[in-house]
Amino acid sequence: MKKTVYGNIEDLVVHVTLVTPQGVIRRNAAVSRVSAGPDLHQMIMGSEGTLGVITEVVIKIRPFPEVERYGSIAFPDFFSGVRCLRQVAKERLRVSSIRLMDNTQFRLGKGLSPAAGWLKSVKDYLAKRYVTAWKGFDMTQMTVATLLVEGYTEKEVELLSSRVFSIAASFGGFSAGEENGRRGYTMTFSIAYIRDFCLDYGVFAESFETSVPWDRVLHLCHNVKKRVEADCGKRPFILEHVTSCRVTQCYDDCACVYFYMGITIDKQFQGDPCAVYEELEHSARNEILASGGTISHHHGVGKIRQHWLPETITPTGVAALKAVKKELDPHNIFAAGNLYTMDSPPEDDSSQTKAKL
């Protein structure tokens, strides 16, 4: 969530030891940068348990920041928000996190806010009047980005925050307050609990994600929502449905986009609601790839996304991964079943290999 400052897991790992049925794989020195052919660390971290057991990891750590400041930015529409985040990425501003919610998710967040007292209600009314009457925002179109800036001095954090808000202003955005930013991150951690709570009321909801080039973000978000809407319309037993998205990570060339999809199914429906949800997500994933997105930003492939791996890295790429698997684990002892389906292992005795483990 804070990759801009601290990095993703591949940026944090310095050294890894992998024990495979054929022996141990590791570098001779615990250094984060080495030129020695293809990066074995990447292969290990992307293997999803199919090659062996990781027995040792060395990672980078950083001191806790001295200063932490939350914020939020309101935009007239999703397009303006995406353009702002793109500019922040271009300038490589080291904000710990900046995440843009679409209008659906913004309204959901407002609906989950605690009940307000009389004074708070008056303040909320005045704030809404300012946004709609004076700023001219349409409440059915506006979006909000949450912001977290960390550093070791007040001056450092202030300079960085000021630049972000300056960029936001150039795209029609304005500060929506620190508390809204803090609440936005609280909602991030509560999503899973909300999902489980909704199950008791017949609402099936889950998330899926992708990474997509900046010039395809809006196109992809629009197309996926339209695809889900069309697919739900073909199923009369789906009583209600909602699809929202948010941009959660910013890179030089692309962004991570999260989708949240929820459906309510008629209680008289005799089929498997989970199977229905999987069909909808499968269709949405097809649309993601057709719209220029990837199989996954960080959730990985596992079992449910194997279908798209050849399209993502080509059949030749899949064959290369299988070749590594056959070399390191010829008897498929680590039969996690992730990434790809392996052919049956050789019939010869593998007791010696198992004994090594």
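Quick reminder: no glycine exception, Cβ is built from N, Cα and C everywhere.
Nobody curates TrEMBL annotations by hand; they come from automatic prediction.
Using a 10 Å radius centred on the Cβ of Tyr258 (active site, proton donor/acceptor) and all shown protein chains, the other Cβ atoms total 21. DSSP assigns Tyr258 (active site, proton donor/acceptor) to a strand segment in the three-state reduction. The active site, proton donor/acceptor annotation in TrEMBL covers Tyr258.
Packing around Ile54 (FAD binding site) is summarised by its Cβ count: 15 other Cβ atoms lie within 10 angstroms of its Cβ, all protein chains included. Sequence annotations record features per position, and here TrEMBL assigns FAD binding site to Glu48, Gly49, Thr50, Leu51, Gly52, Val53, Ile54.
Just so you know, the Cβ of Arg195 (substrate binding site) picks up 16 other Cβ atoms within 10 Å once every protein chain is counted. DSSP assigns Arg195 (substrate binding site) to a helical segment in the three-state reduction. Marked as substrate binding site by TrEMBL: Arg195.
Cβ environment of Arg99 (site 'Important for enzyme activity'): Ala145, Thr146, Gly184, Thr188, Arg246, Val247, Thr248 lie under 8 Å away, each six or more residues apart in the same chain. The site 'Important for enzyme activity' annotation in TrEMBL covers Arg99.
A coil conformation is recorded for Thr50 (FAD binding site) in the three-state DSSP classification, outside any helix or strand. The Cα of Tyr258 (active site, proton donor/acceptor) lies closest to that of Glu48, out of the binding-site residues Glu48, Thr50, Leu51, Val53, Ile54. The Cβ centroid of Glu48, Gly49, Thr50, Leu51, Gly52, Val53, Ile54 marks the FAD site; residues of that chain outside this set whose Cβ lies within 8 Å of it are Leu18, Thr20, Ile44, Ser47, Phe334, Ala336, given in sequence order.
With a 10 A radius on its CB, Gly49 (FAD binding site) counts 14 other CB atoms from all the protein chains. Note on the binding-site residues Leu51, Val53: the fewest other CB atoms within 10 A surround the CB of Val53. Of all the binding-site residues given, namely Glu48, Thr50, Gly52, the one with the smallest number of surrounding CB atoms inside 10 A is Glu48. On the backbone, the CA of Glu48 (FAD binding site) and the CA of Arg195 (substrate binding site) stand 26 Å apart.
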